[in-house]
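Participant: Dropping the structure in here first, questions after.
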Amino acid sequence: MKASSIFFLISLVAALGACSTGGELRKNFYEETCPEAENIVHNIVWKNAALNPTLAAKLLRVHFHDCFVRGCDASVLIDSTESNSGEKDALPNETLGGFDVIEEVKTELEKKCPGIVSCADIVALAARDSVSFQ
């Protein structure tokens, strides 16, 4: 019985490790494709954080809620339509906030580097920059 438990744990760790071998967001990830990306996110988030002391908690929660179910895919940003209920409108996400700041960041990034920076990365960078606001 003990051997099967150990085998199960090793198999579980190996499976989880295999799931996390995809792309990774790291400092200066967009250095070549959109060199201003991190500065744009940083400046917009800090500008808004200076006006709203609750913004850091809001953006951190958005990032957590986005990553919690199926990984960090920015699905929490999708609005509902007549034929489909979006994740943003799910009961646990109804109290999320900070979407206006994420939209402001996305708008600016699309002006500078259209189609380059993913929405999931914007959510992650905004959460990072908001909790580091001084």
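Using N, Cα and C of the backbone, Cβ positions are placed for all residues, glycine too.
Note that this is a predicted model, so its numbers are computed, not measured.
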Participant: If you look at what TrEMBL says, which of CYS19, CYS34 makes a disulfide link with CYS113?
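Facilitator: Recorded disulfide partner of CYS113 in TrEMBL: CYS34.
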Participant: Whole-number Å distance between the CA of CYS67 (disulfide bond) and the CA of CYS113 (disulfide bond)?
Facilitator: 25
Participant: Are there recorded positions among CYS34, ARG61, HIS65, CYS113 that sit within 10 Å of CYS72 (disulfide bond), Cα to Cα? If so, list them; otherwise say none.
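Facilitator: Checking each Cα against CYS72 (disulfide bond), the hits are HIS65.
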